[in-house]
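Input: a single structure, listed below in structure tokens.
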Amino acid sequence: MDFQTLHQLSKTELHCHLDGSLSLSCIRQLAKMIDRKLPATDDELRRLVQAPADSENLGDYLKAFDFVAPLLQTKKALQLAAYDVVEQAAEENVRYIEIRFAPVFSLAGGLSLVEATQAVIEGLHQGMATYDIMAKALVCGMRQLPNTDNQTMFKTTAPLLGSTLVGGDFAGNEADFPTNVCAPAIKTAQSLGVPLTFHAGECHCPQNIGEAVRLGIPRIGHATACFDQPALIEKIVETGTTVELCLTSNLQTKAARTLAEFPYQALKKAGAKITINTDNRTVSNTTLTQEYQRYQQAFGTTAADFLAFNLNAIDAAFIPDADKKSLRDQLHQDYATYC
């Protein structure tokens, strides 16, 4: 399939970070709101908000987020940001997207956790009112923060769970804060009924994936380190865990040093529930259509595969069964021409 055909395919995305996915035009709009001076050209601005080409690890990659954080400190800014990411997704025929963000990073201007979360929800509502897309939010705990901070975040935002805020995540510095360190906050979120996904396996640490699966988390973001761990892959399949793959991001962070270290083929062969994601559209300089093209070029991924992966995403989405059925029906109809 050529790029235009891939663009036309209906898509779903479970793993997309708000602060890592803002368009350059949105960044300029947000900066103007706080009188922050930006480089005159987009090429110069892009260098500030994209991961450096010479990233050595996840830590280097995460530094790109520091530039955007000060721009997301008001309700209006968060609304605009959420709308912007929904717009980008809708323009490449994403039918369902979950956008994740850490409300704790938007408190410097005086917002509360609830206010920051509600602002993102409102931005998603505005996007859905404009475009033919279903957009949901996930709140992220940050693994480098004390468990008590993450527990407070989940306790505070859990009452907002409903039609738009649908779940939670843990992101951040995995190398220094492995899964077992986060266990108390994970268990708190689970006790509150927060559906969880969890970043694991981005730092050559398969044990973090295994521990997350053992803790009963149904979705794993990245899971890159399982590529040469057949017993772990078997456990992923056995438990029905869904994997949120992020190819471009993993190559940038060196979670996968080469395509051979990316777990797609091993997971697919084993029958694991795979999904395709951007991770961070801007930081990784990618789109979901570009990700599809990379899978097709690297692995020979077919339209039938893409349909299966999208159906996996709908099965794993934190939404009611009626919404899942509607989305499945739409996907089957949209892919009938290609499969």
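Using N, Cα and C of the backbone, Cβ positions are placed for all residues, glycine too.
Per Swiss-Prot, the feature active site, proton donor maps to Glu202; the stated evidence is sequence analysis. The Zn(2+) binding site annotation in Swiss-Prot covers His15, His17, His199, Asp279 and is backed by sequence analysis. Here Swiss-Prot flags His17, Asp19, Gly172 as substrate binding site, drawing on sequence analysis. According to Swiss-Prot, the site 'Important for catalytic activity' annotation covers His222, on the basis of sequence analysis.
Sequence features, as recorded in Swiss-Prot, placed on the structure.
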residue	record	contacts (Cβ under 8 Å, 6+ apart)
His15	Zn(2+) binding site	Glu98, Arg100, Thr197, Gly221, Glu244, Cys246, Thr275, Asn277, Thr278, Asp279
His17	Zn(2+) binding site	Ile99, Arg100, Phe101, Ala171, Asp279, Asn280, Val283
Asp19	substrate binding site	Phe65, Val68, Ala69, Leu72, Ala81, Phe101, Ala102, Phe105
Gly172	substrate binding site	Leu62, Cys140, Met142, Arg143, Gln144, Leu145, His199
Glu202	active site, proton donor	Leu58, Glu174, His222, Thr224, Ala225, Asn250, Thr253, Ala255
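Using the Cβ center of His15, His17, His199, Asp279 for Zn(2+), the list of other same-chain residues with Cβ within 8 Å runs, in sequence order, Cys16, Gly20, Arg100, Asp169, Ala171, Gly221, His222, Glu244, Cys246, Ser249, Asn277, Asn280. Neighbouring residues of the recorded substrate site, listed in sequence order and excluding His17, Asp19, Gly172, comprise Leu18, Gly20, Leu62, Phe65, Arg100, Phe101, Ala102, Phe105, Cys140, Ala171, Asn280 (Cβ within 8 Å of the Cβ centroid). In the three-state DSSP scheme, His222 (site 'Important for catalytic activity') is classed as strand. Around the Cβ of Asp279 (Zn(2+) binding site), the number of neighbouring Cβ atoms within 10 Å comes to 28.
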